[in-house]
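Visitor: This is the structure I have questions about; it appears just below.
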């Protein structure tokens with residue numbers, strides 16, 4: 001095709017020449033779609049790449065815009081407070097007990113017995129502890145692998161079944177477990193550790209059996225710290241708009257109690273239990289013992305699920321409180337990577353800690369900077385200055401934990417609220433709480449999730465059904481049993497059921513339809529068939545009569 005662009009006034013040599021194939025409509029649409037797809041592919045690819053990077057490294061989304069003046073001081077105070085609490089204890093009591101049970105089972109004292117009789121058995125504690133560390137490290141590696149694989153397989157959807165009543169009941173039960181585990185430190189009594197079903201009952205029974213041996217000085221220190229911390233918490237809450245920063249009660253308590261304990265030598269003079277020797281230095285990295293994996297897999301899977309459930313439950317509570325969302329798959333991948341990578345450095349399986357999370361939030365923590373500072377403080381203590389916190393009384397830590405758990409116990413207020421709004425949600429809360437308290441968090445979580453799924457089935461089989469009527473002079477329709485103004489339309493029944501119909505509730509749906517409308521569709525159908533039958537018979541008789549009449553007339557005619 002040729003086209004001359006020069007005007008008549010210009011020279012004839014000024015021209016351009018274009019050649020292209022002649023396109024029909026189909027070919028033109030194909031070329032257009034190829035261009036659109038290529039553009040969309042480029043855009044989707046770049047956006048997908050960004051989302052993947054930000055998903056694995058969410059710090060890139062908030063760190064560039066981190067408000068230093070608004071958040072930094074609170075994060076520093078929060079990080080120091082949380083780090084000090086982290087020094088003498090494990091991350092979460094229930095996970096610690098589960099892992100400890102596996103370590104004792106796989107490396108019992110009898111395996112390391114040396115010379116001695118059955119009555120006075122001598123145990124090689126150094127060899128035993130070294131073996132238990134190997135078992136725990138291997139268990140941590142396996143837990144990390146399981147969590148990471150579940151995250152890649154998108155099993156974070158399991159968090160969907162952790163409904164809000166289930167989570168709040170579960171976390172309240174976890175608060176009970178943690179509180180009970182701290183009572184002996186608050187009183188200064190020595191009891192055995194219990195794990196599994198009814199461990200709370202056994203722990204309380206052991207404390208009350210040994211309550212006569214309570215260390216009075218320890219109890220006084222714990223009560224004074226508890227009252228002081230509660231007063232500071234209340235003060236911070238009352239005057240949070242006037243105070244430039246929250247008063248760091250935890251740091252004050254730790255510094256003062258450590259100084260007093262050191263000056264008065266309380267561990268020796270008054271028998272007050274203190275943190276004691278904190279090992280310093282880091283062990284060189286080591287490959288875990290993979291030979292024990294087969295025997296540890298069931299325990300690792302249970303710990304992986306319980307650890308994830310605790311973490312996602314706490315995350316959901318704080319997300320609901322502060323208005324953000326949580327990705328279950330991202331949590332699984334993060335936990336898995338933390339456990340797997342750190343296991344090569346002789347670490348313990350990690351999960352979210354209820355007490356420390358509450359301390360971090362209540363002391364002014366806003367971002368992961370607080371967690372980073374807490375980790376750096378623990379690292380500093382482990383490497384160099386662990387001796388500073390050796391005189392710290394353990395009852396002080398118990399007081400800090402129990403005061404910060406009060407927020408979890410306030411979730412008991414859910415019970416009257418749910419009683420007024422939804423009995424099913426209340427049942428989920430109560431089952432989650434009592435099952436987790438009595439059976440332990442691992443079995444309790446399974447029971448609670450199973451019960452929650454059963455309530456879903458119940459709701460689909462027993463939905464709310466209603467006959468709708470119109471509010472006069474409006475286009476609104478409401479349940480005639482609940483709204484007196486609603487009037488049924490003449491000759492019409494409007495039936496509403498708030499669930500979808502499937503094989504398990506189809507019969508119940510029909511029964512509800514009959515009961516609400518007073519109409520039996522089967523009888524209507526039978527009556528309809530009967531009417532059609534009689535109508536056909538009547539039509540047949542009329543045709544026969546008309547035929548006979550016609551024959552007679554013809555005959556008459558013919559005869560005529």
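Cβ from N, Cα, C; glycine included.
TrEMBL annotations: computationally assigned, not manually curated.
Quick caveat, the model's predicted, so the values are computed rather than measured.
The domain 'SLC26A/SulP transporter' annotation in TrEMBL covers 66-431. Annotation comment: TrEMBL describes 135-162, 211-231, 243-265, 300-320, 332-352, 372-405, 426-458 as transmembrane segment.
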Visitor: So, does the transmembrane segment (243-265) come close enough to the transmembrane segment (211-231) to give 3+ Cβ pairs below 8 Å, pairs being at least 6 apart in sequence?
Guide: yes
Visitor: Are there three or more C-beta pairs under 8 angstroms joining the transmembrane segment (372-405) and the transmembrane segment (300-320), sequence spacing 6 or more?
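Guide: No, the transmembrane segment (300-320) and the transmembrane segment (372-405) are not in contact.
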Visitor: Could you check if the transmembrane segment (372-405) is in contact with the transmembrane segment (243-265), meaning 3+ Cβ pairs under 8 Å among residue pairs at least 6 apart in sequence?
Guide: yes
Visitor: What residues elsewhere in the chain lie close to the transmembrane segment (332-352), defined as a C-beta under 8 angstroms and at least 6 residues from its ends?
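Guide: For the transmembrane segment (332-352), the sequence-distant neighbours (Cβ-Cβ under 8 Å, at least 6 residues beyond its ends) are 56, 90-92, 95-96, 99, 133, 136-141, 143-152, 155-156, 282-283, 285-288, 303, 306-308, 310-311, 314-315.
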Visitor: Please indicate, using numbers and ranges, the residues of the same chain that are 6 or more beyond the transmembrane segment (426-458) and have a C-beta under 8 Å from a C-beta there.
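Guide: Distant contacts of the transmembrane segment (426-458): 94, 98, 161-163, 165-170, 172-174, 176-177, 195-201, 302, 305-306, 309-310, 414-415, 418-419, 504.
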Visitor: Average pLDDT across the domain 'SLC26A/SulP transporter' (66-431)?
Guide: 84
